[in-house]
Every structure is written in structure tokens, then in C-alpha cells.
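To keep things clear, I will list the structure first and then write my remarks on it.
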Amino acid sequence: MAVSGFEGFEKRLELRFSTTNNNPMGLRLIDFESLDQVLNEVQCTVVSAVANHSFDAYVLSESSLFVYPTKIIIKTCGTTQLLKSIRPFIHLARTLSLTLRACRYSRGSFIFPKKQPFPYTSFKDEVVIVEESLPNSLRYRKASVMTPSNNNNPSRAWHVFTASADVEPDEPLVVVEVCMTELDRVNARSFFRRKGDGKNSDAAGKEMTRLSGIDTINANAFICDFAFDPCGYSMNGVDGDRYSTIHVTPEDGFSYASFECGLSLYDDGHGDISEVLTRAIDVFRPDCVSVATTYGGEDYNHEVTKRVERMLAKKLGLTCRSRLVDEFPGSGTVVFQSFTPRRQYSSPEGGEQ
């Protein structure tokens, strides 16, 4: 890894609310100025946005924000102060008669952990900050660091904290978060701006979407994309009430890409999880892949997990090196899988392993 570079691994926060009124817009009534003030505290800004009848999707200078009537999802990369958004979001929701009922904070292991500001240098400190920001009504709480024991890179772990007012999950959506490092160099070239091309960030983003094949991951989605200068890429996909998002840091030495989507195991027309993941990962052809799948209101489906492993092995030559499963009260089951290419390599004695 490079001595210094941009931190691609995101911090992710999801807040879910309940409401006592019948206003179908809910959190979407928060005005842009108020959202901008929260993002200013987090240290990022909106660079592009799109909305449909179900939710609002914002591409940020550091990742993405999604606002549903009763749910907020925000993920930010770099050295952003994501957890500073918790209290103001709760306050803004309260002015609209919405009450927080669940919170989930998650992230991978940073590439440059020493560059992170407090409290992101320690997951224990992060958990303390989150807990202090939440109301006492969220009494079912759990923090977990899911660390693969047999991974070639033991520093790669998945950090999860959840808090809920109810012990039973109330979110039927399955959320899939993919983190990829050591991207294929040829594929990564798609995310560099060409000097003197004269395109603005929106036009350059559309070109990256097409050249990389991102537009084939979900052909039904409307894509809001953005190209950074001189390199880097973000996109939000909107498909009915389902979101997807991709963020790319393509520089060699600390290359990183993430893919996230929300879907259902039993919804026809929205794609099988294993097929969607295969198409997304194939865009980047990374050497290291981790997949964190959160099963909300639906029971953990072991067959889905095995199907993902079979598909990634068959289509992309990726072998599952570890699989960890943990349950979170009120927030469902998290499955964390780590993959690396199935390659033969020489041992120090000269034999193949």
C-alpha cells in the first residue's frame, strides 16, 4: 500500500424512524438548507442529486446520502466526521413528528487508520460517541468486530454497532455492502479523467458509467453519476424504492471501490443477489473482496450465502476464504464473507500451494 493516499473505505450510518402522523413525505420534507448544514458538520457537500416517488438520492463530495420518508442512509469516505450527523438528524426528524427507532453504524478496516481523526481511530471510541448520541429508548444495543481468522489479510474486519427500540427486526430489505481493494489496473483506468476532454463532471461521469460497464449492473436503474478531477467516481442508482451506489478511488497503491444496494430475496424483477454481485465485482476485478449482507426482517438464508460463493467462484474465480455470521437484536443478521482470487502461487520451498 502507498504511504499516503485517499481513504476509500466508508463509514456508514442508517437511522430508521417511526411516525405518528399520516404525512407520506416524512423526512423528505427536510429542506435542503438544513441538510446542507448537517453535511457541513460532517465535512462534505452535495455534488449531484436525483429523486423519484420513493426517495431522494444525493451524491456527495465524499460518497452518498439517501432520504426516505422514515429512513436516512449516509455513507462518507476520507476523513469525514460522519457521527456528527446523528444528533442533528434526530432533531430534524423530531420537528416532523418522527421518532428514532433504530440505528446501525458500520464500516470496514481503514487503509490509512492513522490518518483518521478522533474517534475513528478506535471502534470502541466510535461506539461511545454513537451511544451518547442516541435516546435511551433504543435499549437493545450490540457492537461487534467481525474479524476473519484465516484471512491472508487479518487487518480486514467488519465493524458493526446497532441499537433498536424493538428486539424484532422491522426492515424487510436485504442490504448488501461490498468493499473491493487492489482493483485491476486496466479496469481502473476507466475512472481517470482524460486531460483536455472538455467534459464537465456530469458528462465525464456518464462516460465512465458506460465505459466501465456500471450501466449493465442494473439496467432498470436510473443512474445519477459524477466524475471527480483528476480521477474518482461516484454514482447513485434509483430503481423504484430500491437504491444502489458505487464509489471508486482508482489510484494504484490504494485503489478501492464499493458497491451497495438494497433488495429483496423474494422480489421478481430486481435480480438475484449473486448475479447482481457478480456483475458489480466484474467491473473492477479486484484482488480482495468483502461482502457484508444484512438480512433485516427476513431470516438469514444460508442457501443465498452459498449461492453467492458458488457464483463468484464460477464466474470470477473468487474463493471464499471466510464466512462469519452474527445476530443483532432489532437489526437482523449480518453475514460477512471475504474473497480472494483462486490462484496457484509458489511457496518459499519452490512448490505450489
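Cβ atoms here come from the backbone N, Cα and C positions, even for glycine.
Please treat TrEMBL annotations as automatic predictions, because they have not gone through curation.
Sequence annotations record features per position, and here TrEMBL assigns active site, schiff-base intermediate with substrate to Ser63. Neighbour density for Ser63 (active site, schiff-base intermediate with substrate): within 10 A of its CB lie 25 other CB atoms from the protein chains shown.
If you look up TrEMBL, you'll see Cys77 marked as active site, proton donor. Around Cys77 (active site, proton donor), taking its Cβ as the centre, 26 other Cβ atoms fall within 10 Å, counting all chains.
For Ser234 (among others), the entry in TrEMBL reads active site, proton acceptor. Taking the Cβ of Ser234 (active site, proton acceptor) as centre and 10 Å as the limit, one finds 26 other Cβ atoms among all the protein chains shown.
What TrEMBL lists as active site, proton acceptor is His247 (among others).
Annotation comment: TrEMBL describes Phe6, Glu62, Phe228, Glu251 as substrate binding site.
Taken from TrEMBL, the feature pyruvic acid (Ser) covers Ser63.
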Cβ atoms near Phe228 (substrate binding site) (within 10 Å, other residues, all chains): 21
Between His247 (active site, proton acceptor) and Phe6 (substrate binding site): CA-CA distance (Å): 12
Cβ neighbour count (within 10 Å, all chains shown) around Phe6 (substrate binding site): 19
Candidate with sparsest Cβ neighbourhood (10 Å radius) among Glu62, Glu251, the listed binding-site residues: Glu251
